[in-house]
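Annotated transmembrane segment per Swiss-Prot: 19-39, 78-98, 111-131, 134-154, 165-185, 199-219, 249-269, 289-309, 321-341, 360-380, 398-418, 440-460, in sequence order.
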Amino acid sequence: MKKNFILNFATKNVKEKKLSFGVGITLWALIVFAYMIFVMNWGFASAGLNGKAGISGYLGHFFPNANEAPGTVVNQAVNWGITIGRGIGSVLVGWLIVKISHKYTVILSLFFMLFGIIAPYSPTYAGFIILRTIFAIGGTMQIILIQPVVSNYLNQRQKAVISQFSPFFYPIGTIITLIPFAGIIGQEAQKAFRDNWQIVFLVIGLLTLIPLIGYIILGTKFDLYPSNIEKRNKQEKLSLATFFKQKDTWYWTILYGSWLVAVVFPFTFSKPIFHRLIGDSDGTFNDKISVFLIFFLAGMFLGPFTIGLLSKYQLQRRKYISTIITLGVFFYVLATVVFVLKVGKNYEYAKSYTDGWTWLFLFLGLFMGICLWGIQGVMLNLPHEYKGSNPYRVGFQFGLIWGLGYTAFTIATIITSLVNTPPGIDLKKLELNNVDGYALGAYILIIIFSLVSSIGLALLKEPNPEYKKLLKIRSFSEIERIKK
């Protein structure tokens, strides 16, 4: 292992300690809490704190004159750049872990997240975006930094369980950002949130100090323990180039990029697309769509205990994952049909929840969430299940999976955004009495991109081909739990 001054400092007085479950869970909890803070900070920006230029929110703050606000394409380009930055940060995680150790990579990523504290007080919009990009790079790294902890401290059964709970923190954070803008707390409270957007971002940013201080005090240098270094020296030498040359890396990119589209695009695009599909330019059903998204995210809390249970058993994974993702996308299509043909046609019930069609719409969102969120734990556990898997390899692999997955996600975002709002097209001049063709085209793309994951799964190898196929099981007694 090549040394540098940071690694030299990190390796001083390293005393090997037992890799106990309690320590592992503590480190895991600190990192997933940091990830939830990132999701909250990031989500509030698009959930409602953005406001409108010349009126409220951070757009009203930076552009008090609405005529000076950046156009749609510029705003989209900014978002694309930030997402690409997150992808680059994800790819760099594996390299940083090798160069400065896991503990100091975590601390560095949390330091990046502290830029979220000062971003709201930037004197310019450009500064605000740059500071939030640095913050986002640090926040994105958290989901990858979980994996070496899980790989080192937990056995195979414990990994299967914890992989079910790790995904909880994205929907929890996102639900928190949606609640103030779902009509639950009233219009005055919504206005207060938007008017005090800097304080909201400041409070969330300050929460980052909890995992930062916690990890400085409690974080361990498990990857620098002599026994781990000895194991790593006996293993194949890995680099980013090694993984770039492997076909599996690109199959994982297809799978994770497509899955990200399936779970993030409904949150990003449902409101504008749903409104345009029914010709509603006033956002009359905005609150109801927010509640639909809350139901979708709430599916995360049921998914791991239903859909996600497969990780605990000796059953093949690939076809199961593909089927569940397809089913989740199917529920999204059904929910859209119900909204466009029934819920969105009934303006009398736009603000109430007493009609049956609304509840069907909401529960389809829940079923969609159970499938798409519930399957995440099964997917996250897959790299741990392949023969030859080790913490060193998993750290590199997850960095690339998320980094390249975010890149694929960004490409899908650019294409969908350009179809949804083509440059030079004035949406205000579209005929709202008819279905908006641009919005419909964007929606069809979302469905296609969400289903591409099946291609990645078909190309990947089954991690345990000796496991039984679920469809060939004839009784529960044939299903065996994974041994430690």
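A Cβ is built for glycine as well, from the same backbone N, Cα and C atoms used for every other residue.
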Interface check, the transmembrane segment (360-380) with the transmembrane segment (19-39), three or more C-beta pairs under 8 A: no
Range from 19-39, 111-131, 440-460 with the greatest count of C-beta pairs under 8 A to the transmembrane segment (398-418): 440-460
Best-contacting stretch, by C-beta pairs under 8 Å, relative to the transmembrane segment (249-269) and drawn from 199-219, 289-309, 440-460: 440-460
Contact check, the transmembrane segment (111-131) vs the transmembrane segment (199-219), 3+ Cβ pairs under 8 Å, seq sep 6+: yes
Residue numbers, six or more beyond the limits of the transmembrane segment (321-341), whose CB comes under 8 Å of its CB atoms: 258-259, 262, 266, 274, 277-278, 285, 289, 292, 307, 357, 360-361, 364-365, 367-372, 374-375, 378-379, 443, 447, 450-451, 453-454, 457-458
Intrachain neighbours beyond the transmembrane segment (440-460), with Cβ under 8 angstroms and 6 or more residues off its ends: 247-248, 251-259, 261-262, 265-266, 269, 273, 277, 318-319, 321-322, 325-326, 329, 332-333, 336, 412, 415-417, 419-420
Beyond the flanks of the transmembrane segment (134-154) by 6 or more, those residues with Cβ under 8 Å of it: 19-21, 23-25, 27-28, 31-32, 34-35, 37-39, 41-42, 82, 85-86, 88-90, 93-94, 97, 102, 105-106, 108-116, 119, 162-163, 166, 205, 222-223, 228, 383-384, 389-391, 394-395, 398-399, 402, 406
